[in-house]
Amino acid sequence: MELKRYLLETMSTRGINHFIFVLYSNALATSILLPSSFLTNRTTRPPLSFSLLVKFFLLGLVGITIMQNCVFTGISYSSPTLESAMSNLTPAITFVLAVIFRMEKLDVGSSISQIKMVGTVLSISGALLVTLYKGAPICSFQTQPSASQEFQSLLEETSNWVIGGLFLFTASLSLSIWNIAQAAILRGYPSQLTIVAFYCLFGTMQCAVLSLIAVKDRNAWKHESDVTWFSRGTIERYGLLS
C-alpha cells in the first residue's frame, strides 16, 4: 500500500493523468524488456507464430490495459485502503478459475482443498463487506453539517466507494485471468522473458489508443518528461518493470 500511496501522491502533485502514466511506464518497460528478450534468447527462444502473438495481445489487454487502468480508476473513486483489501480477492478468484479450467484438482475430502475453499469464501466475503459498507469517520474537525447535507454527502461517498470497488474487483478478476492465461501459455512456450516483453509491447500499444480516447486535455500530454522521470524513479525504487 506504501507504493500505491507514493504513486497517487506523486501523480497528484505533478498533475499526471493515470492513463498517460500507465502508457509511459509500460513503454519504458517495453524499451528495456524487448531488446533484452532478443539478446538473451536468440538461440533458445522457440519460434513465434501468429496464434502466439494473439495470445500475447490478449495478455497485454487483460494484464495491463484493463487491470492497471482499473486499479488507478478504482483508487481515484475510493482509496488505497480499499484497493489493498480488494487485492486479496486475486488468489481466491485465481483458485476458482483454476478449478473451472481443471488446472487445479478440488478434493472436498482433502484438508488442503478445504482450507483453500474456506480462504476463498472469507476473501470474497471480506471484499463484499468493505465494498458495500463504509463506516463514518472516527473523528472530524469540520463544522457539523445539516441533516440533508450530511445525507447527500454520505450518499455521494457511498456511491463513489461502490464504483471504486467495482473497478477494483474488475482489476482483481483481470489479474486472475492473466495469471491463469500466462501459466497456460508458459506450458507451450517456455520463454518467460519473451512473453513478458511482447505482452508489454501490446499493452503499450493498447494503452496508447485508450489514452488518446480518454484524455481529451492536450495539456496533460505536456507532462511527458515528468511521466518518464516518475516511471524510471518508480522502477528504480521498487524494482518494477510494469
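Each residue, glycine too, has its Cβ placed from N, Cα and C.
Residues or ranges marked as domain 'EamA' by TrEMBL: 14-131. Residue counts for the domain 'EamA' (14-131) under DSSP, helix first, then strand, then coil, are 92 helix, 0 strand, 26 coil.
The transmembrane segment annotation in TrEMBL covers 20-40 (among others).
Look at TrEMBL and you will find 52-79 (among others) tagged as transmembrane segment. Through the fold, the transmembrane segment (52-79) approaches residues 4, 8, 18-19, 21-22, 26, 86, 160-161, 163-168, 170-171, 174-175, 177-178, 181-182, 185, 189, 195, 198-207, 210, 242 of its own chain, all at least 6 residues removed from its boundaries and within a Cβ separation under 8 Å.
If you look at the transmembrane segment (85-103), the same-chain residues 6 or more away from its ends with a CB under 8 A from one of its CBs are 74, 116, 119-120, 123-124, 126-127, 130-131, 165, 168-169, 171-173, 175-177, 179-180, 183-184. Per TrEMBL, the feature transmembrane segment maps to 85-103 (among others).
Annotation comment: TrEMBL describes 115-133 (among others) as transmembrane segment.
Counting only same-chain residues 6+ beyond the ends of the transmembrane segment (161-181), those with a CB under 8 A from a CB of the stretch are 55, 58-59, 62-63, 66-68, 70-71, 73-79, 82-83, 86-87, 89-90, 93-94, 97-98, 101, 103, 127, 130-132, 134. According to TrEMBL, the feature transmembrane segment maps to 161-181 (among others).
The feature transmembrane segment is assigned by TrEMBL to 193-215 (among others).
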